[in-house]
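Asks: From TrEMBL, here are the annotated features:
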- 12-32: transmembrane segment (TRANSMEM)
- 44-62: transmembrane segment (TRANSMEM)
- 127-145: transmembrane segment (TRANSMEM)
- 165-188: transmembrane segment (TRANSMEM)
- 200-220: transmembrane segment (TRANSMEM)
Amino acid sequence: MATARLIVSDFVMSFMWVWSSILVKLFVFKVLEMGHGAKGETIKCALSIANMFFFAFLGKVAKGGAYNPLTVLSGAISGDFTSFLFTVGARIPAQVLGSIIGVRLILDTFPEIGQGPRLNVDIHQGALTEGLLTFAIVMISSGLAKNIPGSFFMKTWISSVSKLALHILGSDLTGGCMNPASVMGWAYARGDHITKEHILVYWLAPIEGTLLAVWTWRLLVKWPIKEEKAVTKPKKTN
């Protein structure tokens, strides 16, 4: 029952996530008619952070539901093999399917909305960009989980601002997505979801960045502990 709930939660949250980002843009640029000036971009950033708070709250209510494959993958890497298979075989496909259906309905409802994030640089620079952005956000999330274990507001605030800053850094290059499922929804709608550029830049590079971040964090956390134990280990008396 718990596994089915997680799959449904992932599907629904992924569907809602692709819609929320579009609704924020429509509200700022169409309803408020603020344009792309400093005021409009500031309002959009503020609403984006509020939106991430909302989805963080949904994740708590859904008891682990997520809209980003990299979020569940980083946790699955640290778990057992059964959890890893469940994540790769069920949760990530549910997130991809939710994103695809969400984007399809967006384009049917707002055909003028555009075609989603695109690669604006060469494939190698794009892969490096997405990989580094993913590595950074996974490292930040790991640090927050360890150092601020109980504060929902503080963790969500730091995580949201970090994600927004990294998104802005990579927006002109790859879209700064750090979410393969969301990008897959737009790529599927355009018909370029099986191209080398999409698979390498928006799937393989973020997955490699996630793996490297998890392994790096394990090394950074375990090494000081081992060093401390070696220093504080009592000497045997003769």
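Here the Cβ of each residue, glycine as well, is placed from N, Cα and C on the backbone.
Unlike curated records, TrEMBL annotations are generated automatically.
If you look at the structure here, what lies around each of the features I listed?
Replies: Among residues of the same chain six or more beyond the transmembrane segment (12-32), those with a C-beta under 8 A of the stretch's C-beta atoms are 40, 43-44, 47-48, 51, 54-55, 58-59, 62, 65-68, 94-99, 101-103, 105-106, 110, 113, 179, 181-182, 185.
Long-range contacts of the transmembrane segment (44-62) within its own chain (CB-CB distance under 8 A, at least 6 residues past either end) are made by residues 5-6, 9, 13, 16-17, 20-21, 24-25, 27-29, 152, 156-157, 159-161, 163-164.
Within the chain, the transmembrane segment (127-145) has long-range Cβ neighbours (under 8 A, six or more residues past its boundaries) at 70-71, 74, 121, 155, 158-159, 162-163, 166-167, 169-170, 173-174, 176-178, 200-202, 204-206, 208-210, 212-214, 216-217.
Tertiary proximity for the transmembrane segment (165-188) is limited to same-chain residues at least six positions away from its ends with a CB under 8 Å from its CB atoms, namely 14, 17-18, 21, 67-70, 92, 95-96, 98-104, 115-121, 125-126, 129-130, 133-134, 136-137, 195, 198, 201-203, 206-207.
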